[in-house]
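Engineer: A single structure is presented below for examination.
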Amino acid sequence: MTSENPDVLLSRVINVVRAASSLASQDVDFYKNLDRGFSKDLKSKADKLADMANEIILSIDEHHESFELKEEDISDLWNNFGNIMDNLLEMSDHSLDKLNCAINSKSRGSDLQYLGEFSGKNFSPTKRVEKPQLKFKSPIDNSESHPFIPLLKEKPNALKPLSESLRLVDDDENNPSHYPHPYEYEIDHQEYSPEILQIREEIPSKSWDDSVPIWVDTSTELESMLEDLKNTKEIAVDLEHHDYRSYYGIVCLMQISTRERDYLVDTLKLRENLHILNEVFTNPSIVKVFHGAFMDIIWLQRDLGLYVVGLFDTYHASKAIGLPRHSLAYLLENFANFKTSKKYQLADWRIRPLSKPMTAYARADTHFLLNIYDQLRNKLIESNKLAGVLYESRNVAKRRFEYSKYRPLTPSSEVYSPIEKESPWKILMYQYNIPPEREVLVRELYQWRDLIARRDDESPRFVMPNQLLAALVAYTPTDVIGVVSLTNGVTEHVRQNAKLLANLIRDALRNIKNTNEEATPIPSSETKADGILLETISVPQIRDVMERFSVLCNSNISKSRAKPVTNSSILLGKILPREEHDIAYSKDGLPNKVKTEDIRIRAQNFKSALANLEDIIFEIEKPLVVPVKLEEIKTVDPASAPNHSPEIDNLDDLVVLKKKNIQKKQPAKEKGVTEKDAVDYSKIPNILSNKPGQNNRQQKKRRFDPSSSDSNGPRAAKKRRPAAKGKNLSFKR
């Protein structure tokens, strides 16, 4: 295919898309009904497109059903076809990416090398391993009775003496008492090797197949390796860690590679002797290359007492360069043409001897790392980004381990603790959607699990997985059978402590119930008409109100019983030499003394003046009472009273079918008697309050509201009875 063909194909595809879009915007059915020829052409084109779609689908799957064009399901049909085409295009892109990767690997002059596949007959992931902690000379202490003490016995390459570096720092607002990082001053003030600042030719790694790793598990082999490391300028280091059968975790294996050799160090067997490697690890003239040393630095100082000065972290280098991914597997594949496998990343590295695939996997982590370091260093120097990577590497090297009990109150990247949250069980509540009212039960189970894990040096998830803890909170079994038969994943620790856990759950539920009852508010007696409470008060609030009320009552009683102040005493007689007097001011503004006797005289004069006052009688006008004239009740003679008994019809009378409605005249009223209608003045409008022109306005007619409570609709128009046609007839029966 020439370079011009893709452009021609693209232009044709664009024209097809434009034509289809313009056709879709028209009323095709309307034109089909108008023109028979257009309808035939359109149907033939649609059938041709359906045949092409069926050919494409049948070429992928011979058993796939063919598409049939039907107007009722054409949208679903083409949606399915579009999904199939999307999958085909994605597969094409994936194949093109593979082809480009193959071309790039060939252009580099070497094929991609793979980690060997092994049968794994001598590796059993389910095999029970004896806990190596039982053989340690220094027993594991998980009590956290004191801050973490560095395991340094001596301090090589020191700028500050060991005694000064291991002084306990007093607690402050954010940090409890702790021991500082013993090599923090050296990491900040010692310079890197001058060779790391220069662009140098890349040194290729030794052949993978021609070299064999050296296993180090004795003191003699350790000292021999140490002498070899002292004569190097760069070393690559990595660790394998296990944290499932240990509370804090243990370092199981250390991989160290030089330009010539690969070492695999048994850190379980040489745990007490590896501190001598500080002579190399703290030497700033030897570059220590790690990848992602974020946790490796913590594990080295916690288990082995090792610290790193002169760290180069390839993880931060890959980020500074701007690589799409920053994993070690990506660096191995793109910079060393080596395809590793993460199959054994989470394997149990405590087993001895190591299987062949585990040995190969551990060796691959550091075998190519120095060559990758050469390539990344040159790229960083060319882009002027090396200083930033060294700064980040220093910060990683200054990280220190601290027990959870003595962690800083404010989380910091410089300090690592196994538990960094104040209430870690709340994370489980969020993950498993546990209601807040069961937080007490979650906390009790979490603390019990943590206590057992510390005692037996097991991980909390080994004692009781999070799923099992959430199930206990959800189902709350309160007997042994309920705890044991809760799920299939009941651990040995839970099975052995089933009775204790059942009692713990029962007590926690009782505490939750009591807490809820105490926190339930007592409603007041004041309620609205619809039953809604106006106010709610709790028991402590009632007690507070009662105490305040009693204080007020006592204070009022004491005030009422208080005697007035006098100028004499029962025992000593009259104390004050002068009489009591008040002060009055004259018109001139000068004060004059007013004695008590004067006040008494004034009071007597006031009383006598009140007695001489005449009583004034106010007459209240009574409303005018109009006498009501009652009509005289006339007695009627029973003889002259009309008879209302039904009369018997006479058969000889005439029956009139229609009769004129002639109203009888009312008898004239007696002269001299005038009858007036009563007037209701409350309904008469006030003339003075009316606005001008208001009476001229027409009143609005009352409209019928169908949604009102009054269900009576407007009355229909009154119909007139049709007049009888013909003559009026009368006949005899």
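Glycine residues also receive a Cβ, built from the backbone N, Cα and C atoms like all the rest.
Okay, so Swiss-Prot annotates it like this:
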- Ser138: phosphoserine (MOD_RES)
- 214-380: domain '3'-5' exonuclease' (DOMAIN)
- Thr520: phosphothreonine (MOD_RES)
- Ser640: phosphoserine (MOD_RES)
- Ser645: phosphoserine (MOD_RES)
- 662-733: region 'Disordered' (REGION)
- 667-680: compositional bias 'Basic and acidic residues' (COMPBIAS)
- 687-697: compositional bias 'Polar residues' (COMPBIAS)
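Describe the structural context of these features.
Structural biologist: In three-state terms derived from DSSP, Ser138 (phosphoserine) belongs to neither a helical nor a strand segment and is classed as coil.
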Engineer: What is the total of other Cβ atoms whose distance to the Cβ of Ser138 (phosphoserine) is within 10 Å?
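Structural biologist: Around Ser138 (phosphoserine), other Cβ atoms within 10 Å: 8.
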Engineer: Mind looking up the mean pLDDT for the domain '3'-5' exonuclease' (214-380) in the predicted model?
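Structural biologist: Residues in the domain '3'-5' exonuclease' (214-380) carry a mean pLDDT of 95 in this prediction.
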